[in-house]
Ligand code: SAH
Ligand code: SF4
Ligand code: F3S
C-alpha cells in the first residue's frame, strides 16, 4: 500500500467513524490492509516458535507509564473481558493495574466504557468462536461511539490466522496486541487514541520477564503469582507454546518478595502460576526447583499456597517431600493426565507412559495419603480407538480422580496433531466425553459423600455465586462448601460441619463455638 492509499484509508476510517458507517471500511479496505500487512508486518510464526533458541531471558525492572500517558485515563473507564485460564485472568489484573495507573476507572457496563479489551484464549476452537461472536457484538458499540477503543489481546492475538482474520473482517478493531506486549499498553493506547489505523503489536518472540508491573487484583483474599511464563513441552495438540513463548522462570527472590508482600496485605491464599510449574527453575541453571521454592514459601505466614498446572513428567521427589510436610502446602494436586493409554500419550508428546503416571500417583499417595487428585483429559484425539479410550476410563478409576476438566480434542492451526488424519467421528467423540463425564461425576459424588458429618476448615471467599444468602469457600482439598454465616467471616478460615454432600459441592453449617480466626 503506498502513501496515497494509506491516506485514503485513513480518510475512509475517519469519515466512516464520523458517519457511524463502519460497513464501508470493511468493504473498501480489507484488501488494502491485507496487502499492507503482508509486506510490512510480520505476524507470529509457528515455525520460528518451534526453532526457539535457549538464549538468556531478559528481566526488566524498569516499567513506568510514559509521562504523556500518566493522566490519559482521567474521567475515562475501561473494561476487560477475560477468556481462558488463570494466566489470562492474572494478565487482566496486570492490564487493569496499568489502566488504573493511567487514571482510568473500571466499569462492568460496556455502554459507559471508553476502552474495551478482550483478553482472549486460543486453546480450543469454541474458545475462539466465543471471542469472534463477541467481536461481532462490539461493532454496534463502536458505531454508536466512534471514540471507543476496541482491543484484542491474549493468546488469540499470537495466532497469525486470527490477526489476519481481524484485519480482513473486523477493521473497526483499533488495537491488537499479544501476550508479550502487555507492558506496552500505555504506548499502544496512545497510538490507538491518536492514530487513524489499526494498531497491531504482536511479537513472535520467546519472551522476556517484566518485573515491576502494577496489578489491580480481584479481591483481597486469594491472589495469583506468576512463577514462570511460557511452555517448552510442545504437546502435539497444544497451541500454548506458540502463544506464550518459551519457558522462563522468575527469580526466586522476586517471587518470595511478592508472596511476602501479599501475606503482609492480609491475603490468605496464593496460587503460583505457570503452564508447567514443575519445570520451574530449569532455565535459571542455579539448581533450584519448584520443591525448593515451595519449601521457602512454607515459612511465610500465609495460610494457603497452591500451584497450577503440574506436568507429570517433571514432578520430582523433592516436591513430593516438601508437599508432604503440610503446613500451608495444600492437600490437592491437579495433575493433568490427558489420556490413560501409553500409545496415545506418546503421539500427544506427553513424554510419560500410563505406568509412569501411575507410579507418580503412588508416590504422592504414599507421602500424602489424604490428598485430592484432579486432572485434565482429552477424548477423541486423532484415531483414538475405543480400547484406548477404555484405558482412560480405567485410569480415572484406578487413580480415583475427584474431579476432571474433560475436553473433546480440538485441532489447532499449525500444531502437529492438526495435520493428522482422524477417523473418529464427532458423534463418537461426544459419546466418549459423555461416558467419561458420567464416571468422573460419580467419583466426585462418592468423594463428597465421605465428608458428611465431618468438620472442615473453609477459607470463606464471599457470597455463593448461585445464592447471595449463602457464603461459599474452599477446603484445603479444594472442595466447595456453601453455608450460612454472618458476612464477618468472609476472608477468614472457619470450621464448618458438613450436613449434605452434592456432586460438586458440600452444604454445611458454621461450627460457631469454635470460630477460630486464622
Ligand atoms: N499446561 C497445562 C494445561 C494447559 S491447557 C498442562 O499441560 O496440563 C488446559 C487443558 O486444555 C490441557 O490440559 C488439555 O487437557 C486441554 N487442551 C489443550 N489443548 C487442547 C486441544 N487442542 N483440544 C482439546 N483440549 C485441549
Ligand atoms: Fe500445552 Fe503441553 Fe505445555 Fe500444557 S505442557 S501448556 S498441554 S504444551
Ligand atoms: Fe487459553 Fe492462553 Fe490460557 S490459550 S488456556 S488463555 S495460556
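Positions of Cβ are set from backbone N, Cα and C atoms, glycine also.
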Identity of the [4Fe-4S] cluster 1-site residue among 155, 231 (reference: 85, 121, source: TrEMBL): 155
Filtered binding-site residues, from 121, 155, 238, whose Cβ is under 6 Å from an atom of ligand 1: 238
Cβ-Cβ distance under 8 Å to residue 155 ([4Fe-4S] cluster 1 binding site), same chain, at least six residues away: 84, 88, 120, 121, 122, 123, 179, 239, 240, 243, 244
Confidence summary for the domain 'Radical SAM core' (217-446), mean pLDDT rounded: 97
Env. residues of [4Fe-4S] cluster 2 site, Cβ within 8 Å of mean position of 231, 235, 238 Cβ: 233, 234, 237, 239, 240, 241, 275, 276, 349
CB contacts for residue 85 ([4Fe-4S] cluster 1 binding site) [other CB atoms within 10 A, all chains]: 18
Counts of helix, strand and coil residues, the domain 'MTTase N-terminal' (76-194), according to DSSP: 66 helix, 23 strand, 30 coil
